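Undergrad: Handing you this structure, nothing more for now.
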Amino acid sequence: ECPSGLVDEETFKLIYSQFFPQGDASTYAHFLFDAFDADRNGALCFQDFVVGLSVLLRGTVQQKLKWAFNLYDINKDGYITKEEMLEIMKSIYDMMGRCTNPPPRDTAPAEHVELFFQKMDRNGDGVVTFEEFLETCQKDEDIMSSMQIFENVI
């Protein structure tokens, strides 16, 4: 697929979308591409991809959570806002498609975000820091088990 050894975002989206033919994976693939593109050069080399996968598959819990936090922190300012999380959630629901049974309600992504912030925003300031994210995830068995699901989406 990539004879130059580099994958640009459009090629990444095309490849990733093949795994989710029932929905539109392009927006989630964009966020995933950004998370893997650690040096921010607009292309993934084999090393970028392998380093990201290595963290997700063999990293410590803290390393995996840092990677996930980076995925959710779209603008990379060190905070997850409700708007960022809503964009991610909408992209996941779009990727899964309307073929799920039962079909998700249109309000499902926003409801998911509200639940996320109820758990994560420990000081109620409207943003989630990595420290809040890490502390909450490490204390919550449901969140820790959902990391297994997250790994399967990648």
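Cβ atoms are placed via backbone N, Cα and C, with glycine included.
Per TrEMBL, domain 'EF-hand' is recorded for 24-59, 60-95, 108-143.
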Undergrad: In the same chain, who gets a Cβ under 8 Å from the domain 'EF-hand' (60-95) while lying at least 6 residues past its ends?
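TA: Non-local partners: 20, 23-25, 27-28, 30-32, 34-35, 52, 104, 108-110, 112-113, 116-117, 120, 126-130, 133-134, 137-138, 144, 147, 150, 153.
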Undergrad: Along the domain 'EF-hand' (24-59), what average pLDDT does this model show?
TA: 90
